[in-house]
Amino acid sequence: MTMITDSLAVVLQRRDWENPGVTQLNRLAAHPPFASWRNSEEARTDRPSQQLRSLNGEWRFAWFPAPEAVPESWLECDLPDADTVVVPSNWQMHGYDAPIYTNVTYPITVNPPFVPAENPTGCYSLTFNIDESWLQEGQTRIIFDGVNSAFHLWCNGRWVGYGQDSRLPSEFDLSAFLRAGENRLAVMVLRWSDGSYLEDQDMWRMSGIFRDVSLLHKPTTQISDFQVTTLFNDDFSRAVLEAEVQMYGELRDELRVTVSLWQGETQVASGTAPFGGEIIDERGGYADRVTLRLNVENPELWSAEIPNLYRAVVELHTADGTLIEAEACDVGFREVRIENGLLLLNGKPLLIRGVNRHEHHPLHGQVMDEQTMVQDILLMKQNNFNAVRCSHYPNHPLWYTLCDRYGLYVVDEANIETHGMVPMNRLTDDPRWLPAMSERVTRMVQRDRNHPSVIIWSLGNESGHGANHDALYRWIKSVDPSRPVQYEGGGADTTATDIICPMYARVDEDQPFPAVPKWSIKKWLSLPGEMRPLILCEYAHAMGNSLGGFAKYWQAFRQYPRLQGGFVWDWVDQSLIKYDENGNPWSAYGGDFGDTPNDRQFCMNGLVFADRTPHPALTEAKHQQQYFQFRLSGRTIEVTSEYLFRHSDNEFLHWMVALDGKPLASGEVPLDVGPQGKQLIELPELPQPESAGQLWLTVRVVQPNATAWSEAGHISAWQQWRLAENLSVTLPSASHAIPQLTTSGTDFCIELGNKRWQFNRQSGFLSQMWIGDEKQLLTPLRDQFTRAPLDNDIGVSEATRIDPNAWVERWKAAGHYQAEAALLQCTADTLADAVLITTAHAWQHQGKTLFISRKTYRIDGHGEMVINVDVAVASDTPHPARIGLTCQLAQVSERVNWLGLGPQENYPDRLTAACFDRWDLPLSDMYTPYVFPSENGLRCGTRELNYGPHQWRGDFQFNISRYSQQQLMETSHRHLLHAEEGTWLNIDGFHMGIGGDDSWSPSVSAEFQLSAGRYHYQLVWCQK
């Protein structure tokens, strides 16, 4: 044990937090989570241990701007102005200091290992009583599961130790410091330490004791470590559970270890042995270790599909059977290996349906509770995710247990990122930083290696590639050859990774960056000598309205076996709740706390909002990742299962044929499909529709019974086919009414019954409509070529740094947002049964014509206005965001009804999950409340739209809400939006894709850009 004086002054003088060679003082060795049961039955059933006591709750807290400001007296007693805070928590969430959001740039001046003199310091204290029996025998430990970023610990005024690495436990022996009755802990937490240079992850930078604190009492002679490994024969019919157990304390001949394996109430296998291992070298073997091997016949294998778990109980006892203590863990029999370029689980090639997940809560910062963890897992499972990458640090210990039990594959990642270094590997190639990096990797492995859900180790994130990585890669491969290691830094295919694991590599497009090129994922597989599997560690940047082009990745994954999936970036928006002057909550992002530097809304890349409400893009991910694929041939549906291990035992295929959303026939068939099997389903002869419209066949896989992760009736997969379009049209009855045209100096006015249309002759726009005496328009009907920029349109542009390649900057520079209409033509003609208005506009900026829009409006005796639009696009202007029409309707109706793709928001490059049907939703549901306002709510493939008294028909895309594109563009946060008068309607003949391969470079694929020179579309607008 390291001994230093107890005084605060000496601790401050040592400045351990600015020495990369000091990562801990007196911290105990890493190991799996312990509970020290004194009853083996309680260990088997995982009951709360009487030897494990939580110290979570209210602690006294005082905040100081620097450690030097902390008074020495605090070590002995609470300060008079101390506050009370809840542990675990981040102190920034209690109003102390400010959270800082930055992606790459370090939040402190880069001068490793030194940190600013102004180093916010939180002083925690807790008074507690100790059970006297704990003082009489054994060892009492204190466990801090997570403290950011470094801390010193005192107990009863005496210095205990020091720890850093904010995402792994720091555990200390308190036995020599405790006394009968009342005891006092004092914890001095520093916001910045040399460890902060290894923790430059894209996240909020927060501080404090943010994970659980507990006391653990272990006997003097104790289990100090245990590791379980599962081994198999070739066909997995026989397995061996290998358990290596290490003890600490007096090594006596009478000591024995028994390992028993349980499946529920049934003991499957058991073995007992004394300590003493195999001979290692000429000096012998480990006297304090023993390895037991238990044979298991026909084990029920673990996978994310079927997370079969056993329970291993490790008992330390004497020869006569007297139990000293027991530890236990869940065991999943599974094998992970790479063979012939494929990542295999239990001999089957995996397809990773993965997502990156930060530990984030909008109210609690980086504090994770069980309810939130379970909620995340259930949502992932319900949306066909099977894997999660712990980005970019080891998670709360409970997370892994939950992943074991619910079934998720886990990439466990070391808490190492040096993204802001220049070059990135400045520290990771420096041997002075090897000890700090080593502790972060080795302690992660030692804590988490017993979890079957952990199938891959990761050396960290975005830290370049240095010699330290190579050393740690070799250490893991030596200590745990049962799992592959991945690491993206330095080019994604270095010697420190078993898996090619690029981030944001595209399907077909190379990105030839200097030194670290990102090849297309298809090309990467074919590079000379390359035989590793490729799994994208990050892809499909889900920032705001994004995930365009996601289907293209999944087409490639299914086409090329060695393209084994990837991890979407990322799971949850990292917005935080703030309150306005009236106490109303709102969602904040970088800069909203006065934090500098900051990267604004770049913290919000989630498939779900911070409160776990899904983004529309989540449905697209669910659909592309679904485990059932469908093919239609005639009246035969072929259903293929992509499950590797699971037989469909809780699925029905529901099918329905509908004409323009009206059901004509339906049925339900039980699915009986084995792993990777097929089932043919023959549909009956379908009825012939009697009216015109689109005929669609929709199939849905429905789970009739609830599961551990879904409710009864859960839909896990679906597909639609357009069968035909019935052209047996009933002609409208002839109208004897003829619209009347009147012309004034300023307007053309058309009147039919109680309806009137007014076209302004100076502007050429439809300026007003009346039904009776009620005006229908608040603004004229005008062309629209722009959209409120998406995050993907903005890229890295900001006020102080313009990216001229970003779509929004190209549109601005070309004048798309500033363009004004010059009237070229506005004429009116009376036809035999209609009035025809003809207009032409040149949309110009600074004398340059960007678009020419020619329209005809034909108003007939039925009151239908047929609008034909022809648009010519200048050859030297950027491809526009949309080609359509917009106006502000006077009407505000509660509901919107449409025949088209839905129900969720969809865009041309993100619509495979949408279904063609007749949908009816509240107006409020047509707006997607992205925290950073942008273009949103589009519905594609629309044939008919009904809103209030109005109906539009054609083949178009639309969005409708209380917010104008102008307001969306000018507003920084959704809570600042105000409902405008009336309703804004945007009807597009064409709309550009949204992209999403990444959010910092133009990522809309060419096929989803509006690159043609001419466009035509038609609408029918009438009143019902």
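The backbone N, Cα and C atoms fix where each Cβ goes, and this holds for glycine too.
Sequence annotations record features per position, and here Swiss-Prot assigns substrate binding site to N103, D202, E462, E538, Y539, A540, H541, N605, W1000. Within its own chain, N103 (substrate binding site) has D202, H419, D599, F602, C603 as residues 6 or more apart in sequence whose C-beta sits under 8 angstroms from its own.
Classification of F602 (Na(+) binding site) by DSSP places it within a helix. Under the heading Na(+) binding site, Swiss-Prot lists D202, F602, N605.
Residues or ranges marked as site 'Transition state stabilizer' by Swiss-Prot on the basis of sequence analysis: H358 (among others). Using a 10 Å Cβ-Cβ cutoff, H358 (site 'Transition state stabilizer') registers 22 neighbours.
Residues annotated as site 'Transition state stabilizer' in Swiss-Prot: H392 (among others). DSSP assigns H392 (site 'Transition state stabilizer') to coil, not to a helix or a strand.
Annotated Mg(2+) 1 binding site per Swiss-Prot: E417, H419, E462, in sequence order, evidence recorded as sequence analysis. If you draw a 10 Å sphere around the CB of E462 (substrate binding site), it holds 22 other CB atoms from the protein chains shown. E462 (substrate binding site) falls within neither a helix nor a strand when secondary structure is assigned with DSSP, and so counts as coil.
Taken from Swiss-Prot, the feature active site, proton donor covers E462.
According to Swiss-Prot, the active site, nucleophile annotation covers E538, on the basis of sequence analysis. Long-range Cβ contacts of E538 (active site, nucleophile) within its own chain (separation 6+, distance under 8 Å): N356, S391, E488, M503, Y504, G566, F567, V568, W569, D570.
What Swiss-Prot lists as Mg(2+) 2 binding site is N598. Long-range C-beta contacts of N598 (Mg(2+) 2 binding site), restricted to its own chain and to partners at least six residues apart, with a cutoff below 8 Å, comprise I100, Y101, T102, G590, G591.
With a 10 A radius on its CB, H392 (site 'Transition state stabilizer') counts 25 other CB atoms from all the protein chains. Comparing the Cα of E417 (Mg(2+) 1 binding site) with the Cα of every entry in H392, Y539, H541, N605, W1000, these being the recorded positions, the smallest distance points to H392.
Annotation: E417 carries the greatest number of neighbouring Cβ atoms among the binding-site residues D202, E417 [cut-off 10 Å, Cβ to Cβ].
Non-local contacts of H541 (substrate binding site) by the CB criterion (under 8 A, 6+ apart in sequence, same chain) comprise Y504, W569, N605, N792, G996, D997, D998, S999. Cβ crowding, taken as the number of other Cβ atoms within 10 Å, peaks at Y539 among the binding-site residues Y539, F602, W1000. There are 19 other CB atoms within 10 A of the CB of H419 (Mg(2+) 1 binding site), with all protein chains counted. Taking the mean position of the Cβ atoms of E417, H419, E462 as the Mg(2+) 1 site, the remaining same-chain residues with a Cβ inside 8 Å of that point are V104, D200, Q201, D202, H392, T418, G420, M424, G460, N461, S463, G489. Other Cβ atoms within 10 Å of the Cβ of N605 (Na(+) binding site) number 25 in total over all chains.
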